[in-house]
Amino acid sequence: MRVSIDKSSIKGEVFAPPSKSYTHRAVTLAALSKESTVGRPLISADTLATVRASEMFGASVEREEDRLIIHGINGKPNVPDDVIDAANSGTTLRFMTAVAALTDGITVLTGDASLRTRPNGPLLEVLNQLGVKACSTRGNERAPLVVKGGLKGQDASIDGSISSQFISALLITCPLAENSTTLYITGKLKSRPYVDVTLEMLELAGIKVHVDDSNGTRFIIPGKQKYDFKDYTVPGDFSSASYLLAAAAMTSESEVTVKNLFPSKQGDKVIIEILRQMGADITWDKEAGNVTVRGGRQLKAITFDAGATPDLVPTVAVLAAVAEGTSRIVNAEHVRYKETDRLRALATELPKLGVDLKEERDSLTITGGKLRGASVHGWDDHRIVMALSIAGIVAGNTTVDTTESVSISYPDFFKDMRSLGAKMEKVSEELS
Ligand SMILES: O=C(O)C1=C[C@@H](OP(=O)(O)O)[C@@H](O)[C@H](O)C1
Ligand SMILES: C=C(OP(=O)(O)O)C(=O)O
């Protein structure tokens, strides 16, 4: 679907949508427990993929007003009676590939065209070290994947430089293995805050994991543990909030408060520091959970290391496009393995809006200036669509296509932006 966007300032208050990452974990841990409720879950295409997969492993999930009631499988997943389709969700595919290792049969997992291009090699390799038979049908480490259960647990090492989801997936399932596992991380662990979110949730479920960062990183995971995840309420999502906060910072006369943003292990809370560093007028009332941004200040260029927080790259790239000076987004190679190659996508679309940008293997160099309206492509990637959309309220006279992809993480993005006064109107339905 194409949306047309005109110059706008935005004013008002919006609740941050629930966190996608916390919702995935809450549903997965609840499914491995006996009985749990998950309050204020994000209901989006990605998290529904995790719900469906959990049900295929034998859990039952009922939706009651603003919570999910989950009857879990108490650590023993059934062999699914059909292929598990993770759709567009990398988190679902990785987590459920590891859950499949706990069954006493064979599970096939697939995804949409985008997900079937994303790498899973390190996860497959380490599962085979841990007593599982795991492979990809095409022999290219990409979904469709086939997993024959038999997770034993032992010492193993895994490359952490491609995706932290492989590590989170193992932290979730190895506690249920026969034996203990020590997981040694090789390479530079990227997206570490997401592992910290996993560890936080495991502790809530009564699962013990010892983290040793003294000489490199290793996780010591005792086996034969039991999940006891209880009632949980999902916090607000800083990655989704980043678009609202950045939009306000880039447009004069804007004043926006995003609510439901409390101190969190989410790495993407750093968007507040980034905006402050760029000179934005931003305040965070941590007790009330309110972040307020007032627009109108000239933003200044920054250097942003994307190693820990890859999902902020589209937001920061657009901020850099209007900032005074030259910004660098570095340590970003793993941002190429998301729904799209996001460095490539941004390097293709932002110049159409008049942005001076240079793409290198693991970085973008962006010199800020005046944006001009253009017709840009969203690459069927929710984060590219939302970043280009907020660029559109600065540039004016802009259209963005494939906007239905916001259903992945922030289904109400356009509704919320319009409620704040953004001029964003649906133009057409693409023939898909
Ligand atoms: O564990 C998670 O919830 C996520 C981890 C990150 O992926 P990588 O660890 O592959 O960088 C991030 O990009 C994704 O949106 C969510
Ligand atoms: C890459 C993302 O999620 P996933 O890896 O779960 O597809 C994302 O939300 O940007």
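Backbone N, Cα and C atoms are what each Cβ position is placed from, and that goes for glycine too.
TrEMBL labels come from automatic prediction, so no person has curated them.
Sequence annotations record features per position, and here TrEMBL assigns active site, proton acceptor to D311. DSSP assigns D311 (active site, proton acceptor) to a helix. Taking all protein chains in view, 26 other C-beta atoms sit within 10 angstroms of the C-beta of D311 (active site, proton acceptor).
R118 (phosphoenolpyruvate binding site) falls within neither a helix nor a strand when secondary structure is assigned with DSSP, and so counts as coil. For R118 (phosphoenolpyruvate binding site), other Cβ atoms within 10 Å of its Cβ number 21. According to TrEMBL, the phosphoenolpyruvate binding site annotation covers K20, G90, R118, Q165, R342, R383.
Positions annotated as 3-phosphoshikimate binding site by TrEMBL: K20, S21, R25, S163, S164, Q165, S191, D311, K338.
The domain 'Enolpyruvate transferase' feature in TrEMBL is assigned to 8-417.
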Taking every pair from K20, S21, R25, S163, S164, Q165, S191, D311, K338 (the record's 3-phosphoshikimate binders), the biggest C-alpha distance in Å rounds to 19
Here the recorded positions are R25, S164, S191, D311, K338, and the Cα closest to that of G90 (phosphoenolpyruvate binding site) is found at K338
Within 10 A of the CB of S164 (3-phosphoshikimate binding site), the number of other CB atoms across every chain shown is 26
Note: among binding-site residues R25, K338, R342, R383, least Cβ-dense neighbourhood at 10 Å is K338
Cα-Cα, S191 (3-phosphoshikimate binding site) versus D311 (active site, proton acceptor), nearest Å, comes out at 9
